[in-house]
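Pasting a structure below so you can have a look.
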Amino acid sequence: MKKSSRWKTMILTGAFVLALNCGNVFASEAGMTGESNTEATIVEENGAADNVQNPADSQVVNDQNGNSYSVNSADVPESGDPAVEPTEPPADPPAEMKQGWQDEEGGRRYYIDNNYVVGEQNIDGSWYYFHENGMMATGLTEQSQNPGNLYDYGEDGKRLYGWQNVNGVQYYFHSETGIMLKSSECKIDGFWYYFDENGQFVAGRWINHHNADYYYDDQGHMYYGWKQEGDKNYYLNKGNGKKVIGEKKIDGFWYYFNENGEMATGWSQHNDHMYYYQANGQMTYGEAKIDGHWYYFKEKSGIMATGWSKHNNHTYYYQLNGWMTYGEKKIDGKWYYFHERTGVMATGWSKHNGHTYYYQSNGQMTYGEKKISGYWYYFKNKTGVMATGLTSHSGKKYYYQSNGRMKYGWQAVGSNAYYFEQKTGVMKPYTFKKSNGYWLAYDSNGKQVKDLRSAFNNASSYVIKVNKPMNAVTVYIQYGDGSYTVPLVAFICSTGADTPTGTFYTPDKWRWLRMMGPSWGQWVTQITGDYLFHSVYYNSANNNNTLSVSAYNNLGKQVSHGCIRLTAGDAKWIYDHCALETKVVIYSDRSTYGPLGRPTAYKLPSWHTWDPTDPNMYYKCQQRGCH
C-alpha cells in the first residue's frame with residue numbers, strides 16, 4: 001500500500017502547538033519547526049515558556065467525510081469564498097481496507113483507510129512518530145522535520161517524557177514536548193540541572209555558561225554556598241549558583257574571591273587598596289599584628305591604613321607598607337613621637353632617649369620657650385630636648401631645675417651662685433663665689449664687682465652694716481637661703497666717738513633736718529635716737545650750695561658727734577631704697593673694712609661748696625668740668 005502525501009501531516013486528535021524554551025528549541029505537536037530561539041531564556045519544567053513562538057503556518061481542516069487535514073494557511077479560503085475541493089479526493093476504499101495498527105515486516109504501521117501515516121501522530125491521546133516509510137519509531141529518534149531535536153519513544157511507540165535511561169545514560173525529555181534537553185539548564189522537581197551538548201546532565205564538575213562558572217554535584221543538582229577543593233575555597237551564590245568573583249558579604253562577613261573564584265586569605269590587593277583576610281577568609285578590621293608588625297584596617301572598609309589614622313581615641317601613623325610607626329618620626333618637616341610600645345602619637349610630656357620633650361596637641365615637637373601649667377620651660381631649638389641647669393638662649397642666660405621649670409632668684413651651681421630675675425628669669429651677669437661667708441660677685445672676666453646696685457636696686461630688703469672704727473658702711477642683700485650674705489655696695493663715712501654699736505631698725509627719715517651748730521643735713525635716715533645717716537652737713541638751711549668742704553674732705557675719719565656722715569649721693573640711696581625698719585648693725589672690726597673694702601671720696605677745693613655726688617648739683621660739675 002502506498003502512502004499518501006495528503007495524510008502525511010494529518011493530526012488525528014487535533015493540532016497542538018507548544019513553545020519550549022528550557023531546551024532552546026520550539027516545537028509544535030503538528031511537527032517540529034526546527035527553528036532555534038536565540039534568547040538564552042531558562043524555562044522551568046513546571047510551566048510555560050517565557051517567549052512563545054507562533055506555530056507553523058499550518059491549519060487543520062475537515063472534509064465532508066469528517067477527515068482532518070493539515071494544510072497551509074494560504075490554502076484555506078476566507079469566509080464567503082467557495083470551498084476548496086481536494087485536488088485528489090480519496091478513492092473508494094477497497095473491499096479489504098487496512099485500518100489502525102498493523103504489524104508488518106520491519107515494524108508496525110498505522111493505517112487510515114488503507115493509507116499508512118507518517119510523522120508525528122496523536123493516537124488515542126498518545127504521541128507517536130512514524131518514519132517516512134510509515135514504520136513506528138521506538139527508542140531515541142530524530143525527527144526528519146525537526147533535525148537536531150531528539151525524542152525517546154517506548155517499545156509501544158509512545159513518546160516518553162521526563163527522565164529516561166537510554167543505553168545506560170540518563171536523559172531528560174521535556175514533560176510537554178518530549179524534546180531531549182541539550183546545552184541548557186532546567187529546573188526539575190525543585191533542582192536546577194545543566195545538560196551538555198549531548199543531552200547528558202552535568203554531575204560532579206564545573207561548567208561555564210552564561211559567562212559564569214557553576215558547579216553541579218554528583219546528582220547533577222546545581223550547587224550553592226561554600227565549596228572546598230583541596231586547599232581552595234569557593235562560594236556559589238545561593239540565588240543563582242554563580243561562582244563568586246570579587247568581594248562578597250556572606251552571613252555578615254566580607255570575603256574576597258580572586259579572578260579564579262578562590263577565597264583570599266592573607267594579603268590581597270584590589271580596588272587600589274590593601275586588605276588582609278583571616279585564615280577563615282573573613283576581612284580583617286581594626287588593629288592586627290601580622291608577622292610581628294602592627295597594622296590597622298579601617299573599621300568600615302577593611303582598607304589597610306597608611307599615613308595618619310585616628311582610632312581608639314588616639315592618633316597613629318602608618319608607613320606606606322602599613323607598619324605602625326614607633327619612636328621619633330619627621331613628617332612633612334615636623335618631628336613627632338610615637339610611643340615605643342603602643343605607637344600612640346605623643347602629646348604633652350614625653351620621656352625618651354634619656355631626655356624630656358613636650359609635644360603640642362597636634363603632636364608636633366615643641367621648641368624654644370613655652371609656658372606650661374603656669375611654669376616656663378625651654379626646649380632646645382634643634383633637638384627639642386627640655387633644658388635643665390644653666391642654659392643660654394636669646395642672648396641671655398637662664399636656669400632650669402631638674403624638672404625643667406625656670407628658676408628665679410639665687411641658684412647655686414656647683415661652688416658658684418647666680419641670680420636670676422624674679423620676673424624674667426634672666427641671669428644677672430655675675431658669678432658669685434663664697435669667701436669668708438659672703439657671696440662676692442665677679443664679672444665675665446673674673447674681676448670682682450663691688451657695686452651691684454644697677455642689678456639689685458629694687459631688692460625687697462637690705463641690711464646695713466657700719467664698721468665704726470674703719471668708717472666703712474656695707475649694704476647687704478639677701479641670699480637664697482635667707483641670710484644677708486651678699487654685699488651690694490660699700491660707702492665711705494665718718495663716724496664719731498659717740499656712735500653707738502649694736503643692732504637697730506630705722507624708725508624715721510627726713511629730706512632736710514636741722515642739726516647742731518646750727519647746721520643742716522639732707523637725705524636723713526634715723527638709726528636710733530639722735531643718731532642718723534645723713535649727708536655731710538651744710539651751713540645754711542636747705543641750701544646745698546653751702547657744703548662744709550672741710551667736713552667733706554674728712555670722710556673716712558672718725559670726726560662726727562655720733563651720726564654717720566655720708567656723701568649726698570650715698571645718703572640719698574639709703575633714703576630712697578631702705579624702707580623704715582631696715583636693719584642696721586654697727587660693729588667694730590679693725591682688721592678689715594668689710595667684704596667690699598672701702599671706697600675713696602673726692603678731695604674738694606675750698607671753693608667747691610657743693611657735693612659732687614648730689615644729683616641736684618651735678619649740673620654745676622658739668623658747667624665747671626670738675627667732676
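Placement of Cβ uses the backbone N, Cα and C atoms for every residue, glycine included.
From TrEMBL, here are the annotated features:
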ACT_SITE  His534  active site, proton donor/acceptor
ACT_SITE  Cys563  active site, nucleophile
COMPBIAS  51-73  compositional bias 'Polar residues'
DOMAIN    462-587  domain 'L,D-TPase catalytic'
REGION    48-100  region 'Disordered'
REPEAT    117-136  repeat 'Cell wall-binding'
REPEAT    244-263  repeat 'Cell wall-binding'
REPEAT    346-365  repeat 'Cell wall-binding'
SIGNAL    1-27  signal peptide
Could you give the Cα-Cα distance between His534 (active site, proton donor/acceptor) and Cys563 (active site, nucleophile), in whole Å?
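With distance taken Cα to Cα, Cys563 (active site, nucleophile) is 8 Å from His534 (active site, proton donor/acceptor).
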Report, as a single number, how many Cβ atoms besides its own are within 10 Å of the Cβ of Cys563 (active site, nucleophile).
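Its Cβ has 24 other Cβ atoms within 10 Å.
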State the non-local partners of the repeat 'Cell wall-binding' (244-263) in its own chain: residues 6+ outside its ends, Cβ under 8 Å from one of its Cβ atoms.
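Here the qualifying positions are 213, 232-237, 270-271, 275, 277, 281-283, 302.
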Averaged across the domain 'L,D-TPase catalytic' (462-587), what pLDDT does the model get? Just tell me the whole number, please.
97
Per DSSP, what is the residue count of the domain 'L,D-TPase catalytic' (462-587) in each of helix, strand and coil?
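Computed counts for the domain 'L,D-TPase catalytic' (462-587) are 18 helix, 57 strand, 51 coil.
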Tally of helix, strand and coil residues over the repeat 'Cell wall-binding' (117-136) according to DSSP?
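Split by secondary structure, the repeat 'Cell wall-binding' (117-136) comes out as 0 helix, 11 strand, 9 coil.
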